[in-house]
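If you look up TrEMBL, you'll see 1-291 marked as domain 'G-protein coupled receptors family 1 profile'. What TrEMBL records for 1-23 is signal peptide. TrEMBL lists 46-72, 93-113, 171-190, 225-248, 268-294 with the feature transmembrane segment.
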Amino acid sequence: MRNSFNFLLIALFFMDSCYLVGSITEAIRKSFNAATSLHLYMFPYFLYPCLSIAMTCSVFMTVAVALERYIAVHYPIDYSQAINSPEACRRRLFKYVIPVVIMAVFVNAPKFFESTVGEHAILTHPNTSMLQIGNGSVPIQVSDADITYIKRIEVTDLRKDPTYTIYYNNWTRLMLIGIVPFILLIYFNYKIYQDVKHRNRRQMSMSRHSATATQQARRRQEDNLAIVFMGIVLVFLICHSPRLILSMHEMMIIHDAMKCQAQRLHPFHAWTLITIHLLLVINSSINMILYIFLNESFRRHFVGMVRSVGGLAHCFMRNPKEEDIRIRHLGNGHETASNNGIEKDNGHTEIIFQEATA
């Protein structure tokens with residue numbers, strides 16, 4: 001199980017988990033209005049940009065895994081020589097993960113300056129109703145004691161700038177997180193499929209004895225991992241296609257969309273945004289399930305781990321007073337060891353360790 005593909009998938013699962021945690025936190029804040037003061041201050045400067053970074057890392061990491069699988073299938077000899085030791089696998093992991101994280105942070109760096117925490121003045125009227133200052137109503141005279149300041153998340157002038165919105169928030173992100181990854185994934189997936197198909201045809205035409213058993217097992221493992229990754233990429237393309245289509249449509253009506261945003265209106269129906277976000281969450285959640293379902297070796301290890309955890313929990317839940325450990329050993333004579341002593345019999349040996357109940 002120790003190879004660069006598994007290490008890269010672990011990194012991908014970690015990035016997906018970060019995105020899921022951020023999405024769940026934001027959903028709780030919006031749905032239940034459960035934001036604390038700490039969450040209020042962390043959102044514009046940490047949670048919001050890090051959520052974008054996590055999604056970008058997930059996209060870039062999927063492309064990195066595609067590149068790794070393409071090299072493994074298209075250049076099998078060079079790939080085998082490059083991962084001939086656990087240290088080489090770790091170095092190969094860092095060669096992918098570090099550039100992915102750096103590029104994701106660089107692409108999403110402006111997100112740290114899109115929102116801030118601002119104060120909003122609220123007028124407390126003697127009739128206990130809350131009236132906003134400057135709402136265009138009949139002017140009234142108030143004192144400082146009648147004004148309450150509350151903190152809320154506000155959009156900065158940078159985010160409102162039309163040039164920033166068009167060229168960064170739409171064009172740049174559409175190209176770097178949408179179109180380019182889609183093209184690369186489709187290309188790598190197609191080449192992997194062609195290489196696996198060509199290899200299977202070549203193996204059928206060649207004698208089964210022309211390759212050693214180790215080489216055949218290695219090739220079958222690489223082909224299986226390629227099929228696993230093709231399943232992951234297929235789900236990725238399905239879940240991210242609506243996001244890409246909506247972004248391209250927004251670019252076509254960008255000026256109308258900006259007019260709607262200026263009037264605090266959504267340029268698209270709320271259900272479309274909810275559906276797209278739900279698909280992104282599903283994609284981040286399903287990669288591990290796909291890997292367990294498609295990879296037999298990993299599935300066996302995973303089932304063994306679950307059984308080990310279940311057996312350990314069962315041991316902790318058992319009553320020590322009812323513990324009865326029996327070890328039977330077949331030999332020339334028969335001995336029985338209990339709390340009272342050892343009993344011997346002819347034929348075989350039986351040793352019983354019974355825990356005291358007193």
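Cβ atoms here come from the backbone N, Cα and C positions, even for glycine.
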The transmembrane segment (171-190) and the transmembrane segment (268-294) contact flag, 3+ Cβ pairs under 8 angstroms: no
Positions whose Cβ lies under 8 angstroms from the transmembrane segment (225-248), at least six residues beyond its ends: 5, 59, 62, 65-66, 69, 72-73, 170, 173-174, 178-179, 182, 185-186, 188-189, 192-193, 195-196, 268, 272, 275-276, 279-280, 282-283, 286-287, 290-291, 294-295
Distant-in-sequence neighbours of the signal peptide (1-23), which means Cβ under 8 A and at least six residues beyond its ends: 47, 50-51, 54-55, 57-58, 61-62, 64-65, 68-69, 72, 83, 86, 89-90, 92-93, 96-97, 225, 229, 277, 280-281, 283-285, 287-288, 291, 297-298, 301
Averaged pLDDT score, the domain 'G-protein coupled receptors family 1 profile' (1-291): 81
